[in-house]
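Peer 1: Pulled these features from TrEMBL for this protein:
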type	residues	note
BINDING	A:Gly35, A:Pro36, A:Val37, A:Gly38, A:Ser39, A:Gly40, A:Lys41, A:Thr42	GTP binding site
COMPBIAS	A:1-16	compositional bias 'Basic and acidic residues'
DOMAIN	A:31-205	domain 'CobW/HypB/UreG nucleotide-binding'
REGION	A:1-22	region 'Disordered'
Amino acid sequence: MHLDHSHTGHHPERHSASAALPDGSRRALRVGLGGPVGSGKTATVAALCRELRDRLSLAVVTNDIYTQEDAAFLLREAVLPPERIAAVETGACPHTAIRDDISANLEAIEDLETALLAKGAPLDVVLVESGGDNLTATFSKGLVDAQIFVIDVAGGDDIPRKGGPGVTTADLLVVNKTDLAPYVGSDLEGMARDAKQQRGELPVLFQSLRGEPGARPVAAWVREQFTAWTARAVATA
Amino acid sequence: MAGAAALLLLADGRFPAGGHAHSQGAEAAVKAGRVHDAATLEEFCRGRLHTAGLTAAALAAAAAAGHDPLALDEAADARTPSPALRRTARKLGRQLMRAARATWPGPELDELAAARPQGVHQPVVLGLAARSAGLGPLEAAQAAAYDNVSGPATAAVRLLSLDPFHATAVLARLTPETDEVARRAGTAGSGAVEDLPAASAPLLEITAEQHATWPVRLFAS
């Protein structure tokens, strides 16, 4: 909890995305992963955990729509120990839990931070995976510091052209399952062109988890974010 | 009425305090077939209003009246046999505390948050939030009573694909009773803690325990 909250007209950001823990130490970087159902968010999270877990202290919060399956998958795959995985239930509205009413997710993140701090293993990065939703579902800035939007080539190669808040504004757009492109007739160059048009200078990464380099480019992007986050936290300390 | 706008804000279903993920027993009642249309939703909400709703509203009123919130948290435990419902109430209380401290900051909320970082029963926090917003016991009771019927009605729309106009009309038909329950709760909340209402709905307690074990569900409770 935020015991040092003052009432002198400061922004209420301490309740959500303040860069420091109540004791003044740096809190973990929070990265959201959103995107339509079946685009490969959970598989990407699992792959990111495998790539990053030896370098960074990681935790994952899943937002399942009506089960605990995403959390169960991550546990079964043993990508992280159970004490680093938490599931949030979203009451049939996954976008509400990441955008309009972020309280349950903030609580899950803080519980993970507190528990791991108590074990002497403070977190570096928390990955928050949204429940599968639609193209308008984005994370609140009160919940995450950076967000990745995951779409896939089989969901239709016109998705980048259609745009929408996820495609247009996410800090990173991942076009997943590029290995399927020849089978579903998706035009990867066209997707790249459309994404560039929608996103300007914001980055886009094409990814296939079935082969090299797998999730390594996305993992490298997360590490860049973490480096920048750490530098920012030092600068403002 | 003084503070009407603050009451509307506090009672708004969009107030970001985590309630949207909870059906307040409606999901279990829908699965059991007891709630399947607007008429049965109305019966469910009416039952909830006069039992758990009255008790919650009185706890909220008592917190708004300035009673010790820790004593009220114990009183809420005594009125909530189901461990699952206690866990849910404290979880929602903790989430409401976060939203309340951001919207109506005040020393009483800070003190309670420091004393119980894992949360106290949601109606107690609701009452204290109302107090911090400058509202009195009656208004706190109104917010709690309304929450007890609007939550299940919203959930039923999602669970049953119920016509949203019909669900909202249910709430409109219940407004005289909601006001009456809030009035009784508001009066009780200004009295002694040991005299607070202890109306309960055993079926809500039983189904809450069952619901907590479901592997597949839309709502957290």
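In case you wondered, yes, glycine gets a Cβ from its N, Cα and C as well.
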Peer 1: Can you tell which of A:Gly35, A:Pro36, A:Gly38, A:Gly40 has the least company, meaning the fewest other C-beta atoms within 10 angstroms of its C-beta, among these binding-site residues?
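Peer 2: Ranked by other Cβ atoms within 10 Å, the binding-site residues A:Gly35, A:Pro36, A:Gly38, A:Gly40 bottom out at A:Gly38.
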Peer 1: From the centroid of the CB atoms of A:Gly35, A:Pro36, A:Val37, A:Gly38, A:Ser39, A:Gly40, A:Lys41, A:Thr42, the recorded GTP site, which same-chain residues not already listed sit within 8 A by their CB, in sequence order?
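Peer 2: Not counting the recorded site residues, we get A:Gly132, A:Val150, A:Ile151, A:Asp152, A:Asn176.
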Peer 1: Relative to the Cβ of A:Thr42 (GTP binding site), which residues of the same chain, six or more apart in sequence, are found under 8 Å away?
Peer 2: A:Thr62, A:Asp70, A:Phe73, A:Leu74, A:Glu129
Peer 1: If you skip the near sequence neighbours and keep only those at least six away, which residues in the chain come within under 8 angstroms of A:Val37 (GTP binding site), Cβ to Cβ?
Peer 2: A:Gly132, A:Asp133
Peer 1: Name, in the order they occur in the sequence, the residues of the same chain whose CB lies under 8 A from the CB of A:Ser39 (GTP binding site) and which sit 6 or more residues away.
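Peer 2: Once residues fewer than 6 apart are set aside, A:Ser39 (GTP binding site) is near A:Gly132, A:Val150, A:Ile151, A:Asp152, A:Gly155, A:Asn176, A:Lys177.
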Peer 1: Enter the number of other CB atoms within 10 angstroms of the CB of A:Lys41 (GTP binding site).
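Peer 2: For A:Lys41 (GTP binding site), the count of other Cβ atoms within 10 Å is 28.
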Peer 1: Look up A:Pro36 (GTP binding site) in the DSSP assignment and reduce it to helix, strand or coil.
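Peer 2: Where A:Pro36 (GTP binding site) sits, the three-state DSSP reduction gives strand.
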